[in-house]
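Pulled from Swiss-Prot:
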type	residues	note
REGION	1-267	region 'Amidoligase domain'
BINDING	13, 148, 149, 150, 188, 189, 190, 191, 192, 193, 224	CTP binding site
BINDING	13, 188, 189, 190, 191, 192, 193, 224	UTP binding site
BINDING	14, 15, 16, 17, 18, 19, 71	ATP binding site
BINDING	71, 141	Mg(2+) binding site
DOMAIN	292-534	domain 'Glutamine amidotransferase type-1'
BINDING	354, 382, 383, 384, 385, 405, 462	L-glutamine binding site
ACT_SITE	507	active site
ACT_SITE	509	active site
């Protein structure tokens, strides 16, 4: 039977609950426990699939095709465990499910209310993850901040949850902020005291406090927090600002987070094996020469919009003992100036996914610059589509080529809508989503990188390479190095006589892990290193 850990946050938003939950998952897994982590998000959207990246950051796609919060990416990367659509719950999806049940008559004419129906549905979702994953420990992160109106149904649900299980089957962790007042030279505990008071008023007594701070917390402060918040002093956990999110599990291990959590769950504190993780941090802190990577996108004002891409680059650099020197380049700025202005000094170029017209011509110019100047290049999803358009216009003698998404009237739609998408009306959850197989072509860079005949990658798209133009592309020097098993969909393309030029229709960034970088990102960094070595 599963045990349950609930992670709440107080004082401020973006306090780091997701990293704490993911780090605890890593620590538990290092002790031999199986873990699944879910996120309860308090917004009314059914999922983040149609939300602006500027507001929400990236949409993380699970194996089974769910469009989820970016925190699920942290969960997967830290625990190396695949999550499913069950691991992402929003207020919108809860209300949708309850209203659908009411319309079907499931409540037998009863009055449908927040308590018990909404809170009951939330509890059922948590139990469903436990039943589906069969994990030893289920960690649940509650989005938002204690005191927010939006989070109240979730907090009430996790309060009720302790009545569903034995008391030693559940633990509550509260992540909070201890601000340092520079003028007085003091760390203040009052905001945390009030946050815990608010949590208690709901009926939840936290078992552990994880205290975010940029200054070390002494024993006197821990004792004060213990007394005012009703938490054992050993369960007051210091969480200092870290040089990398990947070093957080090690610092929380040192503070005893996992040990104390297991104590509340009445589980054995097994021997912890973090040798590989410690080696990862050693490599991260002792890199070799820098690699200047330009990420050419349209949402660069918010780095979280490309979170998994950045982490995948970081994983590859750690593996290759390189220092990631990331250059954020606005595709629109390239449109207004020139690619050379922004890309002349970089060692590699990445064009990630996206939607819509804005910035597309800048991306195409960046790809042309990478191709002509032999700069290692990797295109992802829309990045592949832009690479196809660039080749069609500048090499394959189709100067008016485009995508039917960008120009519905283009005479040469080298990228077109997938046939199964033609009658789709709704935007949310209707794309080609989740894991699909890709058969690799022999004697290609792609095949050599993966060293597999068939790979499985995550997708999120409506548009695809138009096979009507396949032969003209092949005749002009393009190589198709990966397709769907039936050969209908082009998944991976590359160029010969180039240090590294690959583009894929899928999203490899979602499968990259610290210590296990994705082959396409590792290949990009290695090619950049090789090119630098040759030039020196």
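For all residues, glycine too, the Cβ spot is worked out from N, Cα and C.
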Quiz item: So which binding-site residues are near residue 18 (ATP binding site), with CA atoms within 10 Å, out of 141, 193, 405?
Solution: 141
Quiz item: Out of 141, 149, 188, 193, the binding-site residues in the record, which is closest to residue 384 (L-glutamine binding site) when you go by Cα distance?
Solution: 141
Quiz prompt | For residue 384 (L-glutamine binding site): DSSP state (helix, strand, coil) | solution = helix
Quiz item: In the same chain, which residues outside the set 354, 382, 383, 384, 385, 405, 462 have their CB within 8 A of the centroid of the CB atoms that define the L-glutamine site?
Solution: 353, 355, 381, 386, 403, 415, 461, 463
Quiz prompt | Cα-to-Cα gap, residue 149 (CTP binding site) vs residue 14 (ATP binding site), nearest whole Å | solution = 17
Quiz item: Out of these recorded positions, 224, 507, which one has the fewest other C-beta atoms within 10 Å of its own C-beta?
Solution: 224
Quiz item: Tell me, by DSSP, whether residue 192 (CTP binding site) is helix, strand or coil?
Solution: helix
Quiz prompt | Greatest C-beta neighbour count within 10 angstroms, which of the binding-site residues 13, 14, 189, 192 | solution = 192
